[in-house]
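Colleague: For reference, the structure I am asking about is given below.
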């Protein structure tokens, strides 16, 4: 598939996926756990307030596994469903999660070395947290996909388990804003600026991304600003003629 | 031909629809990029993408969440720059937002 793979070392060293990597992923994701637990509890509480059963709530956490999209879905949740309402919910979910398309694309050169089935499996557990961990690990020169698998599995399990007490305790955490929970993911994202910093040269695409995102957020409802801003930044980066 | 009404299966079908939509988002970018040759332009674009995603996600959120949130994120970035630890950044940022909201910002 990849021309430069011809004559390279054996596949297992070019595309490692080790238990040691999984442990490293577990360690890297552990610092994000407190934030994820609180987020999951908040989702569980919102779901019980909307009348979802515990089983439905856990199913959603297990199979959708996208915190922001699950919380947004609670805004649209209803006791009776028509096909139109279900399709509408799917479209909203896709727009909220469309950032994953770009996040996945940014890591594709790494994933390309692995079999399709491996990618199809670990991508099920792909989240913002995974992307942040994977991007930082890659920028440090890491190559072991086990890091993403370990981090993804651990986070998935914790996300599901922590949804349950939220559903049962319900109203206790009905106002996540009071505890600053709405800021957990933004803080992790903002903190990523530091390891991604490559000096002032890299600043131009970021500035373009920021301006386009702010403008889009003003003009369009929802989460389209992430896509518009990120694409604008990437295109700017692609067409700057200085060496990357 | 018309589909039968979702009826009592509505909630489960809604969850299934969300799950499919989310999984497609997860694999679409990776699948699409496997058809795009890694030219120097594409490589530079991909290199600029992570930072662009971060900035494009955070800046509009600051506008929506308010001044206190913006200050808390700045504090968190500063903590990250000093400590290089996500946990320190999170705790510092959460403390900042809690303090700011307690003070009524």
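Cβ coordinates come from backbone N, Cα and C, glycine included.
Caution: TrEMBL annotation is automatic and unverified by curators.
Straight from TrEMBL, here's the annotation block:
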- A:29-46: transmembrane segment (TRANSMEM)
- A:58-77: transmembrane segment (TRANSMEM)
- A:83-102: transmembrane segment (TRANSMEM)
- A:114-133: transmembrane segment (TRANSMEM)
- A:145-167: transmembrane segment (TRANSMEM)
- A:179-197: transmembrane segment (TRANSMEM)
- A:203-220: transmembrane segment (TRANSMEM)
Colleague: Cβ pairs under 8 Å with the transmembrane segment (A:58-77): which stretch of A:29-46, A:83-102, A:114-133, A:145-167 has the most?
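Modeller: Comparing A:29-46, A:83-102, A:114-133, A:145-167: A:83-102 has the most Cβ pairs near the transmembrane segment (A:58-77).
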Colleague: Near the transmembrane segment (A:83-102), which residues from the same chain, at least 6 beyond its ends, have a CB less than 8 A from one of its CBs?
Modeller: 64, 66, 68-69, 72-73, 76, 126-128, 131, 222-224, 226-227, 230-231, 234
Colleague: Determine which residues of the chain contact the transmembrane segment (A:114-133) at the Cβ level, with the cut-off under 8 Å and only residues 6 or more beyond its ends counted.
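Modeller: Distal contacts: 15, 17, 25, 28-29, 32, 36, 65-67, 99-100, 103-104, 106-107, 145, 147-149, 151-153, 155-156, 185, 188-189, 192.
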Colleague: Using a Cβ cut-off of under 8 Å, list the residues of the same chain at least 6 residues beyond the transmembrane segment (A:145-167) that approach it.
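Modeller: Tertiary neighbours of the transmembrane segment (A:145-167) are 15-26, 28-30, 32-33, 36-37, 40-45, 47-48, 52, 54, 57-58, 61-62, 65, 67, 110-111, 114, 118, 122, 125-127, 129-130, 133-134, 137, 173.
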